[in-house]
Amino acid sequence: MRSPRLNSTLSGLLVFLAAGLLFSLYFKGLMWEPNLHAPTFGGDGLTIHYNLQYHTTYGEGVYLESQYFPHHESIFMTDAQALVAVVMAGLKPVFPDIGQYATGISNTLIFWSSPLAVLFLFFIFRRMGVRWPLAFLFGCVIAMMSPQILRQLGGQYTLGFTFLLPMVAWYQLAYEKGKRYWLKSLAVTLMIILIGLNNPYLYAVASALLMGAAGVGILFKITGLVRLPWNQLLQWVAVCLVATFAIAATLAAFDQVEDRVEVPFGFFHNIAAWGGMLTDANTFSYDFLRRVLPDLDTPRRENQMYLGLIPVLLGLALPFILLLPKARKIVGLTQVPTLLVLLVGTLPCLILGFGLPFVYFEDWTYDNLGSLLQFRAPVRFSWPLFYLLAIVAGYVLHQLYEHWSGTKKVWLLAIPLLIWGIDAHQFLAGHTTGKAGPSAFTPTSIQEKSDLADELRIDTSSFSCIYLLPTEQGWSDKIHQDGSWRSNHDGYKLSIATGLPLLNGKLSRVGLNRVLRSLQVVSHSLIEKPALGELPAGKDILLLASNENELDPHEARLLGTGKPLFSNEKVELRRVSPAALLARTQDARKVARQDTSALATPLLRIPFEENTQHAFFGQGAEKVAPGWTTFPLPALQDSTLTDSLELSLWVFADKSRFGGPKFYLRQLDSEGKRISELKFWTNETFDTQNGWLRVAFSFKPDPLLSKLELVGQYEFPYFIDELWLRNARTNVRLAGKNGTLIYNNYIIKEAG
């Protein structure tokens with residue numbers, strides 16, 4: 001019996017509402033009480049919601065001012081729900097309290113996109129002649145297993161618009177001659193631009209699907225395999241080109257950062273993996289497949305892109321089906337040639353998802369791909385394969401059902417659909433269980449911070465900004481100081497409650513210079529702190545320190561300079577004057593310049609003057625080759641073996657590559673055996689001066705020590721300068737050319 005016919009508008013509304021009810025069983029309060037819940041209570045999601053709510057409440061235009069005060073960053077280059085934040089900030093004159101609902105609006109857009117994805121998938125199946133009950137069921141199980149859901153739940157909200165790729169696939173399948181397809185092209189172009197400005201990744205993935213399918217379609221047309229209309233193929237290309245131009249022009253117009261790390265971390269790390277595509281730890285098939293395929297790699301966070309058991313099995317059978325004329329006729333893929341083109345068109349996307357062919361040419365890739373490497377998770381380009389393979393699987397099951405008769409066809413459909421449904425339920429339930437917690441930024445929680453701020457007289461008239469401790473200069477690809485959950489959680493809320501921006505922070509694609517200047521606030525007192533001179537005169541810095549975390553001595557010294565305002569078991573608040581911090585630094589440098597007891601030379605000094613491309617002190621530095629390098633150190637004199645020693649050197653903060661070298665200081669005995677080893681990663685330093693990062697080891701020589709060994713390791717070339725070994729209790733000052741002075745391996749007087 002044929003299923004009853006439904007009005008397209010009514011059926012679409014029913015599908016959307018039914019899918020919304022289904023997903024709300026898993027997402028719970030995220031859909032029905034979106035302003036009170038969040039899928040993550042920390043990490044990326046907390047920072048993204050903070051940036052969104054701060055900009056909505058206090059910002060305007062396209063520049064985000066919540067972090068690294070007094071600088072700002074193009075919001076389109078951040079993960080702050082860029083376009084959503086800009087639009088909501090623009091609505092403040094009409095809705096003054098809209099900032100209180102920023103998290104709820106974000107959650108609504110993100111988590112209600114899954115029912116919208118079901119709707120587009122439903123339209124796709126209906127267009128291909130699939131009965132509407134099956135079209136709905138297929139749409140649900142596919143949307144429930146979307147790899148983008150993992151990004152929603154992981155706090156990368158702007159990647160969570162799950163309807164975009166089904167919408168693009170529907171557009172590609174819905175070709176018809178005449179004006180209506182041009183209107184569809186225009187609408188899809190506009191949607192890709194809007195969502196692409198919110199997160200350029202989704203533009204890139206959607207464009208990959210468009211261009212991959214267009215390329216395959218043109219190739220098939222030339223070879224005569226499948227003849228899609230030129231108008232259809234060229235419109236796909238046009239949509240991609242127009243969206244590319246609009247997004248690239250917008251990003252370039254507002255981006256003011258000139259010293260961003262050129263090659264960020266992740267391009268060869270966040271790639272597709274068969275283990276992530278064929279298995280998911282929450283599903284019933286996981287253990288079995290792991291036993292059958294023991295060499296499968298374990299899915300990590302980014303490369304989890306489970307295709308589903310039924311799509312994988314049908315995908316494996318598909319080449320054989322297409323080679324057998326009778327089977328090919330039964331499944332009827334030739335009746336929907338565009339679907340076949342789209343499926344094959346995802347293969348270039350999959351190849352890129354595996355990082356191919358670039359994984360075989362890493363150095364060339366780093367040297368030549370430039371800003372394209374800002375797309376640091378190629379695995380996301382594999383997402384189109386998930387959708388298209390699942391759509392083909394659903395269509396094939398429908399065709400088999402239509403071909404067979406009697407109870408055979410019922411079982412032929414019911415068993416795979418049951419397995420698929422169980423797979424989808426276990427996947428979504430496993431990943432959503434325990435995820436929906438209270439939002440950190442509800443009006444009630446922000447009001448609590450407002451009351452505390454009022455009680456302590458913390459406002460923008462007396463304070464300029466907040467500095468979080470432990471300090472955070474995260475996501476910069478060069479400095480790895482991620483703060484703590486407590487300082488983030490309470491600091492972000494206090495920032496929203498008061499309007500005070502952060503002096504430090506976590507921003508994607510931030511400029512390296514402003515990160516280093518922010519870090520200098522906690523650097524050694526001999527290091528100048530120009531960021532403090534940029535702050536408004538007469539206003540203090542509010543220090544917010546987590547009492548749940550141990551502070552580094554650098555951070556503790558900064559906190560100790562402040563005047564206590566408030567303290568409990570969670571956080572401590574103090575105020576400090578930028579002018580007082582600057583005066584403290586100038587006094588320390590003056591004392592160092594006048595220190596008459598300072599020695600003229602350390603126990604060991606290697607000035608490294610060979611390469612004049614960069615220099616910390618003097619005329620040059622040493623360029624170190626990639627890999628493991630052992631730096632020869634002379635044997636220590638017996639007189640130094642009882643002293644506390646410091647070995648220090650400087651590493652250039654090179655913005656051409658992510659990360660930095662790791663150093664290992666080893667104490668060796670007379671036979672060359674290792675007694676002890678200390679490790680220092682330059683990205684975790686607290687001392688930065690003139691664009692260089694200080695590496696320092698403080699240690700007590702072991703009685704059996706015969707020789708020190710310093711080893712450096714980094715996958716790229718790097719520059720080092722001024723290696724010193726000195727008695728930790730003895731000050732050393734050296735004079736350089738043009739009046740420069742260096743004291744305990746800190747520059748205390750610049751040239752001239």
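Including glycine, each Cβ sits where the backbone N, Cα and C put it.
Sequence-distant contacts of the transmembrane segment (7-27) (same chain, six or more residues past either end, CB-CB distance under 8 Å): 111-112, 114-116, 118-119, 122-123, 132, 136, 139-140, 143-144, 428-429, 432, 436. Per TrEMBL, the feature transmembrane segment maps to 7-27 (among others).
Sequence annotations record features per position, and here TrEMBL assigns transmembrane segment to 101-125 (among others).
Within its own chain, the transmembrane segment (132-150) is flanked in space by residues 3, 6, 11, 15, 18-19, 22-23, 26, 114-115, 117-122, 124-126, 159-162, 166, 301, 304-306, 308, 383, 386-387, 390-391, 394, 397-398, 401, 413, 417, 420-421, 423-425, 427-428, 431, which lie at least six positions past its ends and keep a Cβ under 8 Å from the stretch. Summarising the annotation, TrEMBL assigns transmembrane segment to 132-150 (among others).
Residues annotated as transmembrane segment in TrEMBL: 156-174 (among others).
The transmembrane segment annotation in TrEMBL covers 181-197 (among others).
TrEMBL lists 203-226 (among others) with the feature transmembrane segment. Counting only same-chain residues 6+ beyond the ends of the transmembrane segment (203-226), those with a CB under 8 A from a CB of the stretch are 164-165, 168-169, 172, 192-193, 195-197, 232-234, 236-237, 239-240, 243-244, 247, 337, 340-342, 344-349, 352, 375, 380-381, 383-384.
Residues or ranges marked as transmembrane segment by TrEMBL: 233-254 (among others). For the transmembrane segment (233-254), the list of distant contacts is 62-63, 74, 76-77, 172, 181-182, 185, 188-189, 192-193, 196-197, 200, 203, 206-207, 210-211, 213-214, 217-218, 221: same-chain residues at least six beyond its ends, Cβ to Cβ under 8 Å.
Nonlocal intrachain contacts for the transmembrane segment (305-324), taken as residues 6+ away from its ends with a CB within less than 8 angstroms of a stretch CB, comprise 141, 145, 147, 272, 276-280, 283, 285, 299, 331, 333, 379, 382-383, 385-386, 389-390, 392-393, 396-397, 416, 419-420, 423-424, 427. What TrEMBL records for 305-324 (among others) is transmembrane segment.
Sequence annotations record features per position, and here TrEMBL assigns transmembrane segment to 336-361 (among others). Long-range contacts of the transmembrane segment (336-361) within the same chain, counting only residues at least 6 positions beyond its ends with a Cβ under 8 Å from a Cβ of the stretch, are 128, 169, 172-173, 175, 205, 208-209, 212-217, 220, 226-228, 232, 267-268, 271-272, 369, 378-385, 388-389, 391-392, 395.
Marked as transmembrane segment by TrEMBL: 381-398 (among others).
Sequence-distant contacts of the transmembrane segment (410-428), counting only residues of its own chain at least 6 positions beyond either end whose CB sits under 8 Å from a CB of the stretch, comprise 26, 134, 137, 140-141, 144-145, 149, 280, 282-285, 306, 308-310, 397-398, 400-401, 404. The feature transmembrane segment is assigned by TrEMBL to 410-428 (among others).
Residues 76, 82-83, 161, 164, 167-168, 171, 174-175, 203-204, 206-207, 231-232, 235, 238-239, 242-243, 246-247, 250 of the same chain lie 6 or more positions beyond the ends of the transmembrane segment (181-197) yet place their CB under 8 Å from a CB of it.
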